[in-house]
Amino acid sequence: MEPSDSASTAMEEPDSLEVLVKTLDSQTRTFIVGAQMNVKEFKEHIAASVSIPSEKQRLIYQGRVLQDDKKLQEYNVGGKVIHLVERAPPQTQLPSGASSGTGSASATHGGAPLPGTRGPGASVHDRNANSYVMVGTFNLPSDGSAVDVHINMEQAPIQSEPRVRLVMAQHMIRDIQTLLSRMECRGGTQAQASQPPPQTPQTVASETVALNSQTSEPVESEAPPREPMESEEMEERPPTQTPELAPSGPAPAGPAPAGPAPAPETNAPNHPSPAEHVEVLQELQRLQRRLQPFLQRYCEVLGAAATTDYNNNHEGREEDQRLINLVGESLRLLGNTFVALSDLRCNLACAPPRHLHVVRPMSHYTTPMVLQQAAIPIQINVGTTVTMTGNGARPPPAPGAEAATPGSAQATSLPPSSTTVDSSTEGAPPPGPAPPPASSHPRVIRISHQSVEPVVMMHMNIQDSGAQPGGVPSAPTGPLGPPGHGQTLGQQVPGFPTAPTRVVIARPTPPQARPSHPGGPPVSGALQGAGLGTNTSLAQMVSGLVGQLLMQPVLVAQGTPGMAQAQAQAQAQAQAQAQAPAPAPAPAPAPATASASAGTTNTATTAGPAPGGPAQPPPPQPSAADLQFSQLLGNLLGPAGPGAGGPGMASPTITVAMPGVPAFLQGMTDFLQASQTAPPPPPPPPPPPPAPEQQSTPPPGSPSGGTASPGGLGPESLPPEFFTSVVQGVLSSLLGSLGARAGSSESIAAFIQRLSGSSNIFEPGADGALGFFGALLSLLCQNFSMVDVVMLLHGHFQPLQRLQPQLRSFFHQHYLGGQEPTPSNIRMATHTLITGLEEYVRESFSLVQVQPGVDIIRTNLEFLQEQFNSIAAHVLHCTDSGFGARLLELCNQGLFECLALNLHCLGGQQMELAAVINGRIRRMSRGVNPSLVSWLTTMMGLRLQVVLEHMPVGPDAILRYVRRVGDPPQTLPEEPMEVQGAERTSPEPQRENASPAPGTTAEEAMSRGPPPAPEGGSRDEQDGASADAEPWAAAVPPEWVPIIQQDIQSQRKVKPQPPLSDAYLSGMPAKRRKTMQGEGPQLLLSEAVSRAAKAAGARPLTSPESLSRDLEAPEVQESYRQQLRSDIQKRLQEDPNYSPQRFPNAHRAFADDP
């Protein structure tokens, strides 16, 4: 019995029940079933409609799970809503990978609605099609119609990239065998192809490919590119066909899991043996022999194709066209298989048993290996569920027509609260008009972020980025989704090889489409003038953006093709700053092209040119070494991938990588770098924070950049206005629950203050914003909005250029104290500032083992002085448009050199360096939720490992900074010390006039005393405080000056108490006051004796009343007071911390009576 729409009403018969079933995608379906049907039969009845097998269904009604053996009537569910969820997978076995429903993709590919959907044209997406996925595994269908990724946040086992290469090769061998079988048995194929799409059961056979922390390449060729005149559905393969694999081919079609995938239980990588490689190569040879006769016929057809007349030979034309398509697809798969296997090597110098290893990751190659994959970083917060569903652009079979129109975008139904991106490109025009149901539907990739808020989902449609001449555009087919759902809009532009890209954001409340670009009409307009690279750039930009917003940004790897190493930037501290007032310099920018989850998945989105060959043509190399270093430090998203315009534009790709994959980042070096001739534009320019932060948290100057001149972005880049509108749309959607206004330019400081309810988080002198670096953080947070930061992350440095005057003024006032920015003054201020960090450096390295003979304190201080001197000189002197680019380069270079320097000083022990970093994080995060601190330290350890493995700074570059014990002091600080002494002569005479004590006592106490909190690192600010406080400083003894200054700064750190509270009235927190009660000596002897007797459990010999009267006698009480005073006097005399000058009235209370 077919289900009807939830809005429909059906006449209920006495022996029937109307049951409403609501699934997790918020769709409600109505079923009319017999009253005597039991729950198991009901599950089987609805399985086809909900695309969930009956054995995996769990029906819940009023908090109870319906039992299979009971009847529906017993639960009284008539007319009620039952919730349907999927049963959790078994945790003790490998996934079977063969449980997809029959309707998961048929609506998408056929264009006709299935019964039970909520509107015509809506597609039925099985959220968990192709079964579940265990830790670190992907279930991939045999035809590429859907890919669902469920990522378990637990630690994934270590597996082998060579093993994945073999699995990929075996999958492609299986596909080649299927194509050969179709060519050899044409009859069955024709019968299959003659069925119309809506009636074709979409039975998806899954394969399980184990991808783990060593995997760097995506499983490709599950959705191969389409020929514009392909008459048949290439990937539609019956699951009953058994591939003719060799005995080593452990990837049979159907539910059997892929054999070579190692079990997730193992902790060591299961590398394949060379014998397995040989077996796969032998199978390839057999396939080549089978393909040879068809290849000869293929050559004959192509040789005569230019002049052959098919006017009266429709059957011959279809046969030849079919042969061309199938042989061409076979050649593509065969070539990809050889490419996948060509990087497998065996090192004969190793001791047996030897295994295979990979010399070049798949990301090294451009589009032939990773074509038609959307650039989606999978970002996961702890506890989130991420589902990536990729629906390949698959032309459905048609009875006699060879028409597939890749230009039309299929309207797709999305769940509520979805962030939708439709990026569809046009292909070649079809030979004739084709009906909308025969259109080629775009690849759909969804990423759900489930948290307390409703699901935030990113939905991106990307079709073939084939650079073909613009064809006749076709309108979207069918209505744009049912009410209440996000709409997927795909507009085509005649004459453009790439269609414009649309970003539509919808919230759970009344959804409204939000066009992402300001230049065109609101919804139906077309983006003009964004350049040929818009599709790729926007796909990558939105991918990285949504990923960063859903989680912590972590790493980037880029470089020129000639470089051997790639840059990897560690995690930024922006999120920690937003959640706790930490004294970091700025909400550090994070990369857009690579991001990682909580120790599970590291996803990099890349784009490169799409030439016909398998290798990327080398772009022009910069001539200068500093230019190469600039490029190495970062190229994120400025312009699109290819350096030259024209049809050969980049294709969005997806590369699935895991933390700690050396080959991945090395391949990214070659793969990411397109034509660049100028230093990259930067993100925010925070100077280095205090030393421990410089070594620990890499916030100061995260990777970023683009391929643009310092004056602006290149002609192929996205306009800043367009970029801003996209960012505002996504931010408004994701931050709407926090009260953010749409299109708001609210600063980060105002945003955090509004959320925290406190008005002094970023005010000068408030908690977490003291000292030079705290004031710098306050400046950046007050001037940067969320949109500005995200734009900076993606290489649009306009916000940074806008902040240049404020930064220069800030450095002039807070750094130089109003003096002229001469080299001597800058050196003096740098020395004063960095010297104040000595206690922090000493504290940070107090618990780790430093390399023998190395003076770690001097090494860090002198290194930071040199680096910060360059940064400050640049900020104070640079006035041209290259301000931001050079500043970013200085910050990045200083950061990497700092990490490399300290790693060298710690004897190359990464664990020691991680201990320094995590210790600093814990000290900075006092009072923060311990689980958050633990997560931060864990994430930092993972990121640090990746960064250190691919450090772009070699040991030779930092040896000049190493200081040994006994080395002569550096001569540079002498001048600052002299100037510093001259500067301080002004307040000293006043103090000498006010007190006979030496005038240097206060300065000595200040230099020897512990610096107050992170803010105390700024000694020039302390000097300023002394100068500003001259009136009271002259009126008190000089030794009181540092004590009063410390008290002032300590009082500023204390958060204000609510007015007129108990704590306010009593002068101390209520909890502390309660714990203090009863402590200290009792002034009444009777009370003291009573408490002592009670504590000891003693009982008086006489009555308590008689004892009390005796103790209250005046002479006894006076003797007690004298004894108490004597004890206190003795305690004060023996206390080294007691000073009569600090407590001038103490003698009145405790001295003998006059």
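Keep in mind that glycine also has a Cβ here, set from the backbone N, Cα and C atoms.
Mapped onto DSSP helix, strand and coil, the domain 'Ubiquitin-like' (17-92) counts 19 helix, 28 strand, 29 coil. Under the heading domain 'Ubiquitin-like', Swiss-Prot lists 17-92, citing sequence analysis as support.
The feature region 'Disordered' is assigned by Swiss-Prot to 87-125 (among others).
Sequence annotations record features per position, and here Swiss-Prot assigns phosphoserine to Ser96 (among others).
Annotation comment: Swiss-Prot describes 96-112 (among others) as compositional bias 'Low complexity'.
Annotated phosphothreonine per Swiss-Prot: Thr117 (among others), in sequence order, evidence recorded as similarity to another entry.
The region 'Disordered' annotation in Swiss-Prot covers 186-274 (among others).
Per Swiss-Prot, the feature compositional bias 'Polar residues' maps to 209-218 (among others).
Residues or ranges marked as repeat '1' by Swiss-Prot on the basis of similarity to another entry: 237-271.
Per Swiss-Prot, region '4 X 29 AA approximate repeats' is recorded for 237-658.
Look at Swiss-Prot and you will find 387-442 (among others) tagged as region 'Disordered'.
According to Swiss-Prot, the feature compositional bias 'Low complexity' maps to 400-409 (among others).
The compositional bias 'Polar residues' annotation in Swiss-Prot covers 410-426 (among others).
Feature annotation from Swiss-Prot assigns repeat '2' to 416-444.
Feature annotation from Swiss-Prot assigns region 'Disordered' to 463-531 (among others).
Here Swiss-Prot flags 568-626 (among others) as region 'Disordered'.
Under the heading compositional bias 'Low complexity', Swiss-Prot lists 568-581 (among others).
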Take the C-alpha atoms of Ser1103 (phosphoserine) and Ser1139 (phosphoserine) and report the distance between them in angstrom, rounded. 46
Tally of DSSP helical, extended and coil residues in the compositional bias 'Low complexity' (1088-1098): 9 helix, 0 strand, 2 coil
Using DSSP and three states only, what is Ser1103 (phosphoserine)? coil
For the repeat '3' (597-624), the mean pLDDT of the predicted model: 39
Counting Cβ neighbours within 10 Å across all chains shown, tell me which of the modified residues Ser1103, Ser1139 comes out on top. Ser1139
Please report the DSSP secondary structure of Ser1139 (phosphoserine), reduced to three states. coil
